[in-house]
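Engineer: This structure is in C-alpha cells; I'll ask about it shortly.
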Amino acid sequence: MKKIQFADQKQEFNKRPSKIGRRSLSRSISQSSTDSYSSAASYTDSSDDETSPRDKQQKNSKGNGDFCIKNIKQADFGRREIEIAEQEMPALMALRKRAQGEKPLAGAKVVGCTHITAQTAVLMETLSALGAQCRWAACNIYSTQNEVAAALAEGGFSVFAWKGESEDDFWWCIDRCVNVEGWQPNMRINCIMLSKAGKLCVPAMNVNDSVTKQKFDNLYCCRESILDGLKRTTDVMFGGKQVVVCGYGEVGKGCCAALKAMGSIVYVTEIDPICALQACMDGFRLVKLNEVIRQVDIVITCTGNKNVVVREYLDRMKNGCIVCNMGHSNTEIDVASLRTPELTWERVRSQVDHVIWPDGKRVVLLAEGRLLNLSCSTVPTFVLSITATTQALALIELYNAPEGRYKQDVYLLPKKMDEYVASLHLPTFDAHLTELTDEQAKYLGLNKNGPFKPNYYR
C-alpha cells in the first residue's frame, strides 16, 4: 500500500527531540509554510480553557477517540464554518465531484501538517472523498480553528491540534499523529535540502513554487490579509504611516500594494537586484533597514529568511513601533533576544504583546513573530481554493504515477496541471478563454490546449 506525506514546512523537523525514527515512503509531497490556511476567529469555551486537551478523554458521537482537540462539543460550529468555506472553494468541490467515482487516492495514507482551518478541512474532506485516509496535525501553534478541528474529529478524522499549543504540545501532537501502527511517514520534510544532500528517499512535489501558489496565494492573499491582521490586532490607521517591508517577493509585493493604496509611506529592503528594481519601478524607496529603523511606524518581514530583524534594530525602534512577520516562519524576527531580564513583556490582547524597555519605550510585537495573517486574522478562502486544489492534484499525480516517472528528487508541478487549476476557477468570474486557431498554435509552437508556458516559468 502506498503512503503519502502531505506537510507544510513550518519547523526544522530535524531539530525536534523525538523518538520517531526516520522511515521511508513510496510517495511524498511537501509544501512550504507560506501556505496559508487559517483564521483567527475561533469559538472558545471559557470553562474549558484551563484544562489541556492532552489531559482530557474525548470521543465523538460514534465512540471514536483517535484525536486530540480543544472541545468536541464545538463540532456543529465548525461544520458551519466548513460549509461556508465550501462555497468559496469551487475547484476543490468540482474536483471532488469529478473524481469521486474514480477514487484516485484509494488506499493512500495522507499525513498532513498544515494550518487546521475551514479551508484545510475542505481539502481533507476532498482527499477522503477521493479515497484517502488522513491524519493531521497543526504546523502553527496559533492558527488552528478549534471548532473546525472538532468538526473534523466528529467526522472521523484523526486530528491532533488546538489553538494556543505550547512547543511541547506541538511536537506531542505530531508524535500522536504519525507514531501509530500502519502510519510510518518520514516527517523530515525539508525535501529540497535533503535532495541536495542526496538523502531524499522518495519523490516529492514542490507545491510552494508552483505558479498557482506563488502568483495567487502569496500575492493576492497577502495583499488582503496584511491589512486585516494589522487592523484586528492594533486598530492602526494606515494613512501617513511610515512602513518598511523587508522583502519584495510575491508576499512583499502584495503587502506593499495594499499599504500604498491605504496611503502609507512604504520603504522596501531587498537583497535581489531584480526584485529591488521592481520595487523601485513600482514607486517604492529601496533602503537598508538601518537607514529607516528609527523613524518607521511599522516593520513587516516577508523574506523567508532568518534574523532579518535582530535585537540591534529592535533597540533602535521608536516608541510604539509595530513589528510583525508575513514571511516564512517564526525565524525572521529575533524574538528570543527579547526574552531577557531587563525587558518586560505585557500581554495587551490576544496575539499582541508590548515589549517594554527600561526607559519606558514600547515595541508592539504581533503573534510573537509568527505569521501575522495565519495567527491573527482570516485569509481569503477563494485564493486558498487555488492552492488546495494544486495540492490535491499533486497528491493524485504522485500517487498514480507509474514507477520510474519520478525519481528520488523534488519536482515542480507540471505547467499543464497549474493551468488546469486556474481553469477550474474561471467559471466563478463568468470568464471566457480565447482559443488559439490551428494556425496560431502552429506559429507559437504550442498545443492548442496547452501548456502555454514552459516548465521553468514562474
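Start at 1 and count along the chain as shown; that gives each residue its number.
Glycine is no exception: its Cβ is also placed from the backbone N, Cα and C atoms.
The region 'Disordered' annotation in TrEMBL covers 1-66. Annotated compositional bias 'Basic residues' per TrEMBL: 16-25, in sequence order. The compositional bias 'Low complexity' feature in TrEMBL is assigned to 26-45. According to TrEMBL, the feature domain 'S-adenosyl-L-homocysteine hydrolase NAD binding' maps to 218-379. Sequence annotations record features per position, and here TrEMBL assigns NAD(+) binding site to Gly249, Glu250, Val251, Gly252, Lys253, Gly254, Glu270, Asn373.
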Engineer: Have a look around Gly254 (NAD(+) binding site) and count the other CB atoms within 10 A of its CB, chains all included.
Structural biologist: 23
Engineer: Mind giving me a neighbour count for Glu270 (NAD(+) binding site)? Other Cβ atoms within 10 Å of its Cβ, every protein chain shown.
Structural biologist: 24
Engineer: Run through the Cβ atoms and count how many others sit within 10 Å of the one on Gly249 (NAD(+) binding site).
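Structural biologist: I get 20 for this one.
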Engineer: Once the chains shown are all counted, how many other Cβ atoms turn up within 10 Å of the Cβ of Val251 (NAD(+) binding site)?
Structural biologist: 29
Engineer: How many angstrom lie between the most widely spaced Cα atoms of the NAD(+) binders Gly249, Glu250, Val251, Gly252, Lys253, Gly254, Glu270, Asn373?
Structural biologist: 22
